[in-house]
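**Student:** Handing you this structure, nothing more for now.
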Amino acid sequence: MDKVMSDKKVIILYILPAFLLLIVLVYVPIVLTGYYGLTRWDGIGEREFIGLANYTRLMSDGMFWRSAYHSFLLAVFSLLSLIGYLIISMVLAGKIKGADLFRKIYLIPMLLSSVAIAQLWMRIYHPTNGVLNRFLTSIGVDNPPLWLADTNIVLFAIFIPIIWQYAGFYILIYYAALKNVPNELVEAAKIDGATPWQIGYKIKLPLISGVIKVTIVLAVVGSLKYFDLIYVMTDGGPNGASEVMASYMYKQAFRTYNFGYGSAVGFFLLVLSLVVTWLIRKATTSKEDEVQY
Amino acid sequence: MDQTGNRENRANRESPPTENPLLQKIAKGILYIFLIAVAIIQVLPLYWLFLFSLKSNQEVFNLPPLALPQDPQWENYARVWTQGNIGQYFFNSVFITASAVILTVLFASLVTFAITRMRWKLNKLVLGLFMVGLMIPVHSTLIPLFNFFLNINLMDHPLAIILTYTAFNLPITIMILLGFYYTLPREIEEAAIMDGCSVHRMFFRIIFPMTAPVVATTAIINMIYNWNEFVFVNTFISSDRFKTLTVGIQNFIGQYSTDWGAIGATLMISILPILIAFILLSNSIVEGITSGSVKG
Amino acid sequence: MNKKRLSLLTLSTLFFIVLSACGQADPAPGDTGGGAGDGTGGGEEAVIDFMHLWPAGSSPDHHRIVSEIIAEFEDANPGITVNMDVLENEQYKNQLQIISSSNQLPDVGMTWPAGFMQPYVRGNRFASLEDILEDDFRESFVAGTREAYEIDGTTYALPLELNIAPVFYNQAIFEEYGLEAPETQEEFLNVIDTLVDNGVTPIALGNRDRWTGSMWYMYYADRLGGNALTEAIERSGTFEDPGLIAAADEITNLVERDAFIRGFNGLSDQEAKSEFMNGNAAMYLIGSWDLPNYTTNEDVPQEFRDNIGFFKFPTVDGQGSIDSWVGGPGVGLFVSEASDVKEEAKEFVRFFVERWGDQAVEDAGVIPGTQVNTAEVDLPDLFIEVLDELNNATDITLFADVQMSAGVAETHLTLIQRLFGLEVSPEDFAREHEEALQEEGGPQADGDAEESAPDEEEGATDEEEVEESTQDEEEVDEDAESEE
């Protein structure tokens, strides 16, 4: 057994195609981004090596830290949303009539491109014609909020479509994981008289804890580098109130020709993600040891 | 290592609780009302998009999102179909998406298998290297990748897109597969090896089919990502014959104004194939489970 | 650098070995043609790659004219082929930067003037077009437009469009409340107050896009500060000029009077425009590129189009000239310095600009950078009126965000959004501009990275040209042809 399963040739054969792609198409850009981050470069002409100057600037760049804070807030909200998605998935994976249909329907918004989702939510949030404010006006609210124009609200207003956008993604993963739980275990527990709640909480949840950990990482990392809807719906505004790290990086690199500085922001984002992921792993390792490795 | 956790769990069971059947019925009713309400909310975007595609530019902004257009602009569809070569774009989208999905899922499965099931020292490190791939913001990679494809003469070639999609989706795919591979019982491999099965055979004949549900899941996710992606396509592809459907949307964005109705129609046209593929693939999540549980 | 390329090559070779080993059924790699900047060069045969931003879907007229001009050019120059690559506005801008990082610009492409093209010129990416301007072709441009594409006295692109920004207004709404087009700030405020009292939104403004609000500020800066804004940008003056502060104060005043549509800071220009086009707002300040919507665009109801007029931005307390406009050239054509077919490309640019001037107004509603003889063209009245105003303009101040270098422009646009959101006082608004302008040229500012370039005044050099020329106009008035 050990001999077969530690055959170096097989391991290399299995890893290599993906690994080469990763190195060439992902790591080379990462390394180059790191390098560009050490230069002053408009992305067009000559590069000038300036050492860590971009990073010292980054450390005292209030706008960057503000966008980093927004990104972290998004990560927190995404994490919280996972709980909801997990519950919905458990309900759907249970013995519910029409669960199959519900599941398919629930995932439909996931198929929409960001362009479509942005358009939809801009119609919902429109200050006068929007679905939301028409409703609020009709129930007697005089001055409904200016969802995307009010600097105090805009960040949270834009979190909702972002989180909604990923509902299908997580429900899909959780659902598949829950369906993967061996039936015998569930049946056995039922025979023993466990309630559906107990089956879910005591049997299914621990069994899919590996998947849950993965989704936690995905949600956090995905939030930290989130870009799409922010770019289309608010462009980080008004006045940077909805700026996140990736949109800030984009603006620096492409709009103001600070490609060097933008690269530093991008690289720093990567380092932050790494640190956070490492922390998450640390925080969840103790349990992992029991269940898996 | 070998799922001792399950046995513990089973031991943890509690005495059968007493339940009120009426309460249960009410609870179930509320649950269904909730489920149906959510379902309606989730379907509305599709309906909205359909209406959107039939609106004139003025109506798009002026009418409430779910109001019927006064004079449905079916010509939005005609315009989309006749302008540019949507047929070609469509074929390219299918070809690129399918190739990238197959490559990604296959490569990722191989890697995940090697990392979780095989014994070697560097597996954690390699896994970590893949995970870092999740963390780079796409826009940081554009200039380096452009330069790279230029140097290897792959600029304006579909392969550039397919490989980029594969590389960038590998990390997330591996991550998702990972959780499932960990739960596969070791006994399967032991039995297979006892029977004298080679590693390749074990992977392709036993493990890969067993993971069908999660493979389908990752295939769906990859498919959606690739289908809607446009930043890489725009950057690496310049000739019209290799462009994809997302370019169809661009076709209607102008310097100072945008033809929203036509964009709606393009979005609607491009969502249909993926909707069908999604429904088919999503069935296999369930099918996979039945076949998987027989073996498991 | 060389080392890196070497390792890249090694990696890519490895990569291909694996690829072929895995035997995917992908089409064989190889030259697929159409690659940016890859003219064949030499001899009779030449391929000119041309990148533009007018897709057939959204801009059918533009696209058609472009294709026609290309066909004409190919007919007139056997052996030369022109390949088009079309991208939408935003994507176009990104792509331009990405491809020029590898020195792969198309032979001919589109650029915006002044601040936008600075890094390209500094990076030696654009070719000088002085040689095709030698004869009287130079004189065929409207005064001040070509100069916007001039850096250190060299022209790097030629304008295709020119816009001024009038205030469009809905005459039906004005009539209903007995209002007339205002000529002074006093009258203007009266119009606003009357509309507000009657529950009508006075002004549609989509300030999420920020340049829209900038135009409002520009006008007040022009009326109250004269040349102060340009001087501040050129660094021959300060942004803390009383006129520039007073201008910011006027904006605050308008916002406090509820002059602008609800939620303007969260609305895109297109959303705001639709409010105007639906008759929900009475006025809308926008570039003359929008004229077709109020004249020829069949998708807009005739009744609405008939109701639209425009007025010149009012003077404030007798200050400023009402014939002084905010506007400027939009996209222009450049030739890549690295092009293999530079001569052919330049010929094409010249050919294109000439032909474009003949057709653009009539067929696509674009006011070209070249002079238009209003007597000869067949256009709706509103168009003619705007063209006449353009000829009568005493001064055209280039949009601030175009004048400024990209880094300062970003600061400016953010400050505009804050000013309209009443989140910054007029004094701080001016002070923060001043700080950004001072910082410019400092070690970290906006990519003015080049050792060789005259860094210190780089923010100013090209704007000078623009403003100089507009000042020329001021003196010569009317059809001010004589620049240089």
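Glycine is treated like the rest: Cβ placed from N, Cα and C.
TrEMBL lists A:12-38, A:68-93, A:105-124, A:153-177, A:207-227, A:259-280 with the feature transmembrane segment. If you look up TrEMBL, you'll see A:68-280 marked as domain 'ABC transmembrane type-1'.
Help me picture where these features are in the structure shown.
**Tutor:** Tertiary neighbourhood of the transmembrane segment (A:105-124): same-chain residues 88, 92, 130-132, 148, 160-161, 164-169, 171-172, 228-229, 232-233, selected by CB-CB distance under 8 Å and a gap of 6+ residues from either end.
Beyond the ends of the transmembrane segment (A:153-177), by six or more residues, the same chain brings 70, 73-74, 77-78, 81-82, 85-86, 88-90, 92-93, 103, 106-111, 114, 117-118, 120-121, 125, 145-147, 208, 211-212, 214-215, 219, 222, 226, 229-230, 233-234, 237-238, 241-242 to within a C-beta distance below 8 angstroms of the stretch.
Residues 30, 33-44, 47, 50, 54-55, 57-58, 64, 68, 75, 213, 216-217, 220-221, 224-225, 245-246, 248-253 of the same chain lie 6+ residues outside the transmembrane segment (A:259-280) yet bring a C-beta within less than 8 angstroms of a C-beta in it.
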**Student:** Using a Cβ cut-off of under 8 Å, list the residues of the same chain at least 6 residues beyond the transmembrane segment (A:12-38) that approach it.
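**Tutor:** Hits for the transmembrane segment (A:12-38): 47, 49-52, 54-55, 259-261, 263-268, 270.
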